[in-house]
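Novice: I grabbed these lines from Swiss-Prot:
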- Cys6, Cys9, Cys29, His34: Zn(2+) 1 binding site (BINDING)
- Cys49, Cys52, Cys72, His77: Zn(2+) 2 binding site (BINDING)
- 295-337: domain 'CCT' (DOMAIN)
- 6-48: zinc finger (ZN_FING)
- 49-91: zinc finger (ZN_FING)
Amino acid sequence: MASKLCDSCKSATAALYCRPDAAFLCLSCDSKVHAANKLASRHARVWMCEVCEQAPAHVTCKADAAALCVTCDRDIHSANPLARRHERVPVTPFYDSVSSDGSVKHTAVNFLDDCYFSDIDGNGSREEEEEEAASWLLLPNPKTTTTATAGIVAVTSAEEVPGDSPEMNTGQQYLFSDPDPYLDLDYGNVDPKVESLEQNSSGTDGVVPVENRTVRIPTVNENCFEMDFTGGSKGFTYGGGYNCISHSVSSSSMEVGVVPDGGSVADVSYPYGGPATSGADPGTQRAVPLTSAEREARVMRYREKRKNRKFEKTIRYASRKAYAEMRPRIKGRFAKRTDTNESNDVVGHGGIFSGFGLVPTF
């Protein structure tokens, strides 16, 4: 599609659109028309669409760095989901006159918002960023020394120390010498020879006295429970610790597979009270495993009981049985009774039950 021609000269390609005049103008005609008077120089103008070059630009796509009209913006950014995520801003109109000497590129940056494209010709800002990054990489001044010894942090420099007296130098060497790069955590036994050598090399013996002592791991853990399954008839015994209880469980019951009764568990001693007694009677005996003869006797008794069982037919609901016998039947099935039949049935069967006050049971 051919580009849109200028509405003024009708020969050159239109480069911008004047909104107050509603006219497409080329660069030369724009400079002539809008430089005529002060009122014309205030006209807001926008660039042409960079895709179709037929309509004025409406938005600026920051991802594509292109000014687009409404139609091209809809067609391009609805093609796929990735294009829909492009950030777009409205076109900012400009009021300066545009010269036709090849400065269109520079003016295009002005019509696009400078806050979004500040790094196009920003050599100064790039230099500032490089200087800021280099400031983080600068090494500290060798004349300035920061030391930390025995909890004291001090900064000494050549400019801050007035004079070079031997007394001051001696004090600095005595107070602010180089610290040991490793911390002494005082774990385990330390060789006295190595320790004295480190203290002499550091030169900080007179600043803060360090008490070297051996940290011993406690051998007895509090709140511990000892389970003794080695056997024997010993009960629960007090282990001697503050909160440590030693449990000794008899394993004779575990060997035969029978749960012991309450008498097999002995007393437990507690530090804050008297001995805890079991709920069972201490005079009761433990369960003894059955012998083969006793087991055979039990099996025989069970078999005798099973043989002597009686399966007799008993009438559980006598009243229901009597009522079922009174109801009329047709071919063995119950039939509906009419009023006359009901009266006849009552009269006919009245003599049978006349001598009984209750429903008979069979």
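Just so it is clear, glycine is given a Cβ too, placed from its N, Cα and C backbone atoms.
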Novice: Where does His77 (Zn(2+) 2 binding site) sit in DSSP terms: helix, strand, or coil?
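Specialist: The three-state answer is helix.
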Novice: If one measures from the C-alpha of His34 (Zn(2+) 1 binding site) to the C-alpha of Cys49 (Zn(2+) 2 binding site), what distance in angstrom results, rounded to a whole number?
Specialist: 21
Novice: Identify all same-chain residues not among Cys49, Cys52, Cys72, His77 whose C-beta atom falls within 8 angstroms of the centroid of the Zn(2+) 2 site's C-beta atoms; report them in sequence order.
Specialist: Glu50, Val51, Ala55, Leu68, Cys69, Val70, Thr71, Asp73, Arg74, Asp75, Ile76
Novice: Taking Cys72 (Zn(2+) 2 binding site) as the reference, which of Cys6, Cys9, Cys29 (the binding-site residues) have a CA within 10 A of its CA?
Specialist: none
Novice: So how many of the residues in the zinc finger (6-48) end up helix, strand or coil by DSSP?
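Specialist: Residue counts in helix, strand and coil order: 10 helix, 11 strand, 22 coil.
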Novice: To the nearest whole angstrom, state the Cα distance for the pair His77 (Zn(2+) 2 binding site) and Cys6 (Zn(2+) 1 binding site).
Specialist: 29
Novice: Sort out the sequence-distant neighbours of Cys29 (Zn(2+) 1 binding site) for me: same chain, 6+ apart, CB within less than 8 Å of its CB, listed by position.
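Specialist: When sequence neighbours closer than 6 are ignored, Cys29 (Zn(2+) 1 binding site) has Cys6, Ser8, Cys9, Ala12 within Cβ distance under 8 Å.
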Novice: Determine which residues of the same chain, besides Cys6, Cys9, Cys29, His34, have their CB within 8 A of the center of the CB atoms at the recorded Zn(2+) 1 site, and list them by sequence.
Specialist: Asp7, Ser8, Ala12, Ala23, Leu25, Cys26, Leu27, Ser28, Asp30, Lys32, Val33
Novice: For Cys49 (Zn(2+) 2 binding site), which residues of its chain lie six or more apart in sequence with Cβ-Cβ distance below 8 Å?
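Specialist: The list for Cys49 (Zn(2+) 2 binding site) reads Ala55, Pro56, Ala57, His58, Ala67, Leu68, Cys69, Cys72, given in order along the sequence.
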